[in-house]
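Engineer: The structure's right below; bear with me while I get my questions together.
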Amino acid sequence: MPTDADYLIDSQDPRHPANLICTLCKQFFDFNWCTGTGGGISIKHPQTGHLYVAPSGVQKEQMKPHDMFVVDGKSYEYLRIPPGLKPSACTPLFNACYKYKSAGAIVHTHSLNAVTCSLIFGQEFRIRGVEQIKAIPSDRKDPSTGKVLNLNWDDTCVIPIIENRPHEDQLEDPLMETFEKYPHACAVIVRRHGIFVWGPTIEKAKVINEALDYLMELAVKMHQLGIPPDCSVGQESKYISKH
């Protein structure tokens with residue numbers, strides 16, 4: 001491994017993965033998604049294919065580019081290891097998303113909405129008939145362009161839920177099983193833990209993550225009212241609890 005690998009993280013471009021991860025970590029901390037050093041982000045460099053990964057144990061609002069780990073996008077070997085820091089325990093999960101989902105970025109948060117939904121729902125989080133669902137990718141493609149189409153507002157958004165493990169790297173096998181069972185999923189909720197979201201670019205992954213957090217927050221409020229989040233549009237009044 002090169003001893004002078006800082007060139008991999010030195011850039012004045014705010015869109016460079018080493019800089020962008022720091023910006024997003026601060027935003028996610030402010031949203032209460034990544035407090036107490038929890039959560040993580042990884043971004044693939046669009047030109048080099050290198051994988052940039054936020055470290056373990058660093059407060060997200062204080063993250064700096066020199067804290068970044070850099071991984072070879074083909075061999076998955078470390079190209080840069082920041083002195084004194086540990087790699088994220090999520091790294092094997094991020095690598096699996098890159099390898100098997102052709103991800104360009106992965107976001108992992110400890111969102112309260114994701115954790116609460118994992119307590120309410122069983123094996124799947126399901127919600128339908130909400131405008132924000134249109135931000136979530138579907139299993140359909142445009143026949144003329146081949147591009148993945150997003151869900152319609154009245155479609156049902158389904159996000160699988162897996163059980164937590166003592167250590168995050170132990171989630172790799174359940175994650176791989178989820179890839180097989182839900183080949184078009186863009187996220188997985190980990191019960192009592194948080195959520196992993198991936199997309200072809202960091203911009204897409206960020207949008208999906210924000211949309212899902214909105215949908216999960218809404219689902220919790222619907223549950224409090226006695227309304228199943230995946231009930232048919234127009235049927236809500238049948239379920240509203242009488243107080």
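Placement of Cβ uses the backbone N, Cα and C atoms for every residue, glycine included.
Pasting the feature list from Swiss-Prot:
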type     : residues               : note
BINDING  : CYS90                  : substrate binding site
BINDING  : HIS108, HIS110, HIS193 : Zn(2+) binding site
ACT_SITE : GLU131                 : active site, proton donor/acceptor
Engineer: What is the interatomic distance between the Cα atoms of HIS110 (Zn(2+) binding site) and CYS90 (substrate binding site), given in whole Å?
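Structural biologist: With distance taken Cα to Cα, CYS90 (substrate binding site) is 13 Å from HIS110 (Zn(2+) binding site).
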Engineer: Which ones in the same chain are close to HIS193 (Zn(2+) binding site), with CB under 8 Å and 6+ residues apart in sequence?
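Structural biologist: Looking at Cβ-Cβ distances below 8 Å from HIS193 (Zn(2+) binding site), excluding near sequence neighbours, one finds HIS110, VAL115, SER118, ASN164.
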Engineer: Through the lens of DSSP with three states only, how would you label HIS193 (Zn(2+) binding site)?
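Structural biologist: In three-state terms, HIS193 (Zn(2+) binding site) counts as coil.
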Engineer: Same-chain residues six or more away whose CB lies under 8 A from the CB of GLU131 (active site, proton donor/acceptor)?
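Structural biologist: In sequence order, the residues whose Cβ lies under 8 Å from that of GLU131 (active site, proton donor/acceptor) (at least 6 apart) are TRP153.
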Engineer: So if I measure Cβ to Cβ from CYS90 (substrate binding site) and keep only same-chain residues at least 6 apart in sequence, which ones fall under 8 Å?
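Structural biologist: When sequence neighbours closer than 6 are ignored, CYS90 (substrate binding site) has GLY40, SER42, VAL53, ILE106, HIS108, GLU168, ASP169, PHE196 within Cβ distance under 8 Å.
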Engineer: For HIS110 (Zn(2+) binding site), just give me the three-state DSSP call.
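Structural biologist: Its secondary structure by DSSP: coil.
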